[in-house]
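Asks: Below is the structure I would like to discuss, written out as structure tokens.
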Amino acid sequence: MTDTSAAPVPAPTDGDHEYVLVLNSGSSSIKFQVLDPRADGTEPPYISGLVEKIGEDRGHIRITTPDQAMEDNRPILGHSVGLERAFGMMSLLGVGPSDLNVVAVGHRVVHGGETFSGPVLIDRDVIRRIKDLVPLAPLHNPANIDGIENARSLLPDVPHVAVFDTGFFHTLPPAAARYAIDRKVAEDNHIRRYGFHGTSHEYVSQQVAGLLDRDPADVRQITLHLGNGASAAAIDGGRAVDTSMGLTPLAGLVMGTRSGDIDPGIIFHLHRSSGMSSEDIDTMLNRDSGLKGLSGVNDFRQLQELIDAGDEDAILAYDIYVHQLRRYLGSYMLILGGVDAITFTAGVGENHAGIRRDTLARLEGFGVEIDDARNEDPEAEGPRMISTDDSRVKVFVVPTNEELAIARYALDLADGGEG
Ligand code: ADP
């Protein structure tokens, strides 16, 4: 274990500060933050933790506070061992869960199915119902449940809250949520558009209403969450009316390794003509497609390096990415009957001025005018407008902060709110 501390951290054990632990448990990693749910998002979280390479020969745990960092590379047998060890490291740094006034734990849960329309306080029944949804998210929900159970046994005395990636899209109108397939097959198998990244789309869209200084009920907006995964949402008066991800997070925009929309007939054609199994095709579409399938790299910064070096596959991958974004943008402008704001968020959306420029190129006739200096300002950070003052449609960059949104929900429910 290495402690790279610069100075001892002053442990805020005075009980003045209320903190929320936000946990995001994946299949081979756990990410968490301890943060002040009343913060405005401009400060980094008080503690960030990462537990990864679970089950591998060499594990990796890293705890970062404003003053210190500590790492551990011993093997991690399982999720519960990893989380317990991470909490132990926090205690060594003087910021363990018992040193801080942790008032709630918020858990990111990927799939809430038709069951959960918003955040809920976790009890045995909620855990059982999240388990019932495992067939809809076989990779994600089991890891989320594991995280909930481990954290509840380590912190049994604070309320735990589940916040669902799908929750914001629970109210999609039926015309947007239903697929045109056999009705009974759809009903029996719970097939509908659920949508994902809901916490991010909701958080960002609320910020936009504030930036416009307008009542959210009067704002029609499109939010573009462009990270490793990517999705678009059309939001009318604070309510999601369409989104690009579907039953699974495979649908919609081109992503780092996921294909986004394809003709479903491709799957059957591949099965028949090349003998690929459904697992092979699933892996290909989820892990070896998108930017990676087209160019060999899934990370946008690496893609940009290839483009700068004149790599033709990378240039085409970029063009397909932008073309697909414009397809969604255009259809959402029509579905909303006009749009007041278009917002970019997540790693690519927040940082890549070229994607923003190219996605919105030649839309002056639709009232969208980017201000190049604002868009390309290397110093700019935080929520900001990048359209011209005269642009009828305002364009924003708003850093997402799903952890802060989850922490706020968790505090609210822990305090007896409705979520
Ligand atoms: P996740 O979906 O895993 O949360 P992020 O929101 O962190 O992902 O986004 C990751 C993507 O953002 C990667 O493709 C990364 O290359 C891209 N990205 C991050 N910083 C930049 C940057 N400065 N310029 C271009 N792309 C960036």
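Cβ coordinates come from backbone N, Cα and C, glycine included.
Pulled the feature table from TrEMBL, pasting it below:
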type	residues	note
BINDING	ASN24, GLU402	Mg(2+) binding site
BINDING	LYS31, HIS225, LEU226, GLY227, ASN228, GLY229, ASP299, PHE300, ARG301, GLY347, VAL348, GLY349, GLU350, ASN351	ATP binding site
BINDING	ARG108	substrate binding site
ACT_SITE	ASP165	active site, proton donor/acceptor
SITE	HIS197	site 'Transition state stabilizer'
SITE	ARG258	site 'Transition state stabilizer'
Asks: Among the recorded positions LYS31, ARG108, HIS197, ARG258, ARG301, which residue has the fewest other Cβ atoms within 10 Å of its own Cβ?
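Replies: ARG301, out of the recorded positions LYS31, ARG108, HIS197, ARG258, ARG301, has the fewest neighbouring Cβ atoms within 10 Å.
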Asks: Given the recorded positions LYS31, ARG108, ASP165, LEU226, ASN228, GLU402, tell me which ones have a C-alpha lying within 10 Å of the C-alpha of ARG258 (site 'Transition state stabilizer').
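Replies: The recorded positions close to ARG258 (site 'Transition state stabilizer') (Cα within 10 Å), listed in sequence order, are ASN228.
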Asks: Hey, what's the Cβ neighbour count for ASN228 (ATP binding site) at 10 Å?
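Replies: For ASN228 (ATP binding site), the 10 Å Cβ neighbour count is 16.
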Asks: Which of the three DSSP-derived classes (helix, strand, coil) applies to ASP165 (active site, proton donor/acceptor)?
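Replies: Coil, per DSSP.
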Asks: How many other Cβ atoms are found within 10 Å of the Cβ atom of ASN24 (Mg(2+) binding site), counting all protein chains shown?
Replies: 20
Asks: Do you know which of the binding-site residues ASN24, LYS31, ASN228 end up with C-beta under 6 Å from ligand 1?
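Replies: Near the molecule: ASN228.
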Asks: Quick check for you: of the recorded positions ASN24, ASP165, HIS197, GLU402, which have their Cα within 10 Å of the Cα of LYS31 (ATP binding site)?
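Replies: Passing the 10 Å Cα cut: ASN24.
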Asks: Quick check on the recorded positions: of ASP165, ASP299, GLU350, GLU402, whose CB has the lowest count of neighbouring CB atoms inside 10 Å?
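Replies: Sparsest of the recorded positions ASP165, ASP299, GLU350, GLU402 by Cβ contacts within 10 Å: ASP299.
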Asks: Could you say whether, by DSSP, HIS197 (site 'Transition state stabilizer') belongs to a helix, a strand or a coil region?
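Replies: In the DSSP reduction, HIS197 (site 'Transition state stabilizer') maps to coil.
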Asks: Of the recorded positions ASN24, ASP165, HIS197, which one sits closest to GLU350 (ATP binding site) when you measure Cα to Cα?
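Replies: Closest by Cα: HIS197.
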Asks: Taking only the residues the record lists as binding ATP, namely LYS31, HIS225, LEU226, GLY227, ASN228, GLY229, ASP299, PHE300, ARG301, GLY347, VAL348, GLY349, GLU350, ASN351, what is the largest Cα to Cα distance between any two of them, in Å to the nearest whole number?
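Replies: Maximum Cα-Cα distance: 23 Å.
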Asks: According to DSSP, collapsed to three classes, what secondary structure does GLU350 (ATP binding site) have?
Replies: helix
Asks: With Cβ-Cβ distance below 8 Å and at least 6 positions apart along the chain, what are the contacts of VAL348 (ATP binding site)? List them in sequence order.
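Replies: Non-local contacts for VAL348 (ATP binding site): LEU226, GLY227, ALA230, PHE300, ILE355.
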